[in-house]
């Protein structure tokens, strides 16, 4: 036989085939004897249901039906799909519709397949010379895969792993067809080895699933939204006119005066809903959500494909029965096992180019995902319509947070300007800069460092006043109240969105979604049940207990402790670097360069910290996901919450540990001259600058915050997707060069979307904003400009995320949600922690409390004159330990006998020399008292703000109540209409009965049929 010829064997129609022997038709009902003689009349009839048995049990040899490219089918009772239209791609709008151009593609499944050379030969043979037409294997309804051909005397080489995947796909897709979905395959794409399954949900399936999911849909009933009156109405109209230029030009963003009453969809009450346009009643987001729910719950129980017999076959059958018994393997499991490589809904169309039909994606790109509209409000309703409520809530929260940063930035700028304006009037910094004071300070390191003048630290002291002034205390209180106001404002905004998006009463559906087990959990349960079955134990209702998860819990505990310890170790290493570098620079630097040693060491150490933080952030994110995966949480919600907790804990420690060290530990455990504290007996603990550690804390915070936002949040988000996209483009270009004809075809929508990045969830987006929120609130007393830099970053971040969602990512499955979940609790926790941290920063890190104590307890004239001298203790240089005195004691040009250091200790001429003085305890008591008063006062004020602002706006609560009343009225009218109709029927029936009874007996007998028909009237109705 010639290698290009294939003989088809006709199967007898009456022969039983597989387990569906009683079906309406089986296998191939008709095949022509010669494909060349009647290629256009070739028709296959295939049963809608798939046969779940392997081919060897059917006694039929298989070659892949993908090789036959020019055969049409009759699906759903003789519906013939014409595959050779003039422009099939234009008819289906390049992949947005099925090949008939009528059925919309709601979801896409992608799989890999191996294309044999024999199949390509057959394709060329059957295709004749019509190379311009697109191959009709795209048109093949999925049951067409059941056709079996015989190729000569020998079988092609069989890849059992690929066959197993194909059998799983056949069973799963057959179950989808049984669930009511309509499927269509396309393997003739520009991407070699990739097949696509297009899924369409018909109207009856959409109605059924909408009822199951309790989707609230708009009814015919419309009502007037309560409008403001009087002065409020005038104020609102003025605000609308002022803000009109910054409003997005989308229909969904315009203020509405009427609203449709919404009600959970019910097939029995379809008359309540406006079904005049069925095509648009369920939008694309809702359709894809419905299809995804079907994909999740549709099971695939097929066991591994096995060619063996005997014991192997028995074990395979046992595994198959066990999976059918206890396993639910939906699309998530099939994706995890590689049966399908991707599953996603389609974007609405292209967003750039010429002659593009208007669509929501294009509108979002123009009015939202563009840097040119950064000054405009976000079209949140359109975002929700396209991406779903969960993503809509994220961008709404990000918008509210960015808006609330505006007043915080303004106040922060005012505080900073106040510091700039009063720096020349600050007496302590003037005293430090006054060279007439001639204050000689003790050396900063042993041997190599010499004595130095306090006036050399003048610049640092003046800069410290910019952030360490009385206004920063006010700003700390303000930011604590700002955080509480922000949380309350968001709760109110969230309730408005819930009302607008018909999410009130959403808890029941949410509980149902939470109980859906994850594929990994089901796999673990199956593995456990198989182990018990092997030991001949009862395996009904298996679940994972704490004993099963104990190794994972232990690994989590040890892993998190190790990661936290690693972070501390790195910070400790940076401390060693700072100490050793400072000593080295003190030796080698010129006298003029020694004054900048502290700034050089601080700047380089902070940059090292920044690089380590960025690297460890990525590492900790991967480790947190791995630790959560080995726990095997039951539901997706549990998985997400545990992942968020671990990732936040590790990233919080990673980002803030260096800042905590500078704020609360640096300079606290130094000791004193002659009795310093050493690390490893050689490195002396570093001290704060004469002006305090607050300036260094400001430098640390600003560099880490700005560097993290610039590098990690912006460059990484822009650069990494662009790089991945470029790599994919180069791979595709290499493939296209092999086939010029394929390259000339225009890509289908699902091919274009396949090349986009898959959606990885909102956790990374929320995480970077939560860490930024911590920078803005936790240490705001040391850096009043933090809200300003956060505002500038977020203006870019919103458009950057929008552009990424619209242009760089596959369209995510729309998920309904009424709040931002666990993130709200994290925000509240950070807000409470910020009050405590700012209280300690003001009292222990800054000099605010020592200045107050000096002003009211020790000042002779009620001014700050003499404060610097009061905070310095004296040391006799003769009391230095051996080997620690400066090598060059005459560096200043004169012999030093007494040097000064910053501490509250007794002088060397005292009886208890160098002991802690009573001034230290007075200042410590004042500091602790301030912490207690500040914390309780600010907490009370925050709770008061929380209490005084209602969570639900008054107008929204009235509208919700109005909706309930209107819904009751609608149902009451419906019931009254039913009662009136029944009474009308009864009256008509009674009159008919009386008319029939008035007839004569003979007439009654002759018209007995009429009499019975009279009484059957209500039944006819």
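Going from the start of the chain as shown, residues are counted 1 onward.
In case you wondered, yes, glycine gets a Cβ from its N, Cα and C as well.
Checking TrEMBL for transmembrane segment across the ranges 499-525, 526-552, 553-579, 688-714 points to 553-579.
Segment annotation: TrEMBL labels transmembrane segment over residues 643-664 (candidates 445-466, 643-664, 665-686, 731-752). Of the given residue ranges 324-348, 349-373, 599-623, 799-823, TrEMBL assigns the label transmembrane segment to 599-623. Looking at 100-122, 123-145, 146-168, the range annotated in TrEMBL as region 'Disordered' turns out to be 123-145. Averaged over the domain 'Anoctamin dimerisation' (97-380), the predicted model has a pLDDT of 74.
Of the two recorded stretches, the transmembrane segment (471-490) lies close to the transmembrane segment (394-418), with three or more CB pairs under 8 Å once pairs fewer than 6 apart in sequence are set aside. By number of Cβ pairs under 8 Å, the transmembrane segment (394-418) is matched best by 769-792 from the list 553-579, 599-623, 643-664, 769-792. Residues 559, 563, 566-567, 570-571, 574, 577-578, 581-582, 585, 647, 650-651, 654-655, 658, 696, 699-700, 703-704, 707-708, 711-712, 764 of the same chain sit 6 or more residues outside the transmembrane segment (599-623) yet have a Cβ under 8 Å from a Cβ within it. The list of residues near the transmembrane segment (643-664) in space but at least 6 beyond its ends in sequence, with Cβ under 8 angstroms from a Cβ of it, reads 556, 560, 563-564, 567-568, 571, 574-575, 606, 609, 613, 616-617, 620-621, 623-625, 627-628, 693, 696-697, 700-701, 704, 708, 763, 766-767, 770-771, 774, 778-779, 782, 822-823, 826, 837, 840-841, 844-845. Tertiary proximity for the transmembrane segment (769-792) is limited to same-chain residues at least six positions away from its ends with a CB under 8 Å from its CB atoms, namely 398, 401-402, 405-406, 408-409, 411-413, 415-416, 467, 471-473, 475-476, 479-480, 483, 648, 651-652, 655-656, 659, 663, 694, 697-698, 701-702, 704-706, 708-709, 713, 823, 826-827, 830-831, 833-834, 837-838, 841-842, 845-846. Residues 445, 546, 601-602, 605, 608-609, 612, 616, 620, 623, 627, 630-631, 646, 649-650, 653-654, 657-658, 661, 679, 683-686 of the same chain lie 6+ residues outside the transmembrane segment (553-579) yet bring a C-beta within less than 8 angstroms of a C-beta in it.
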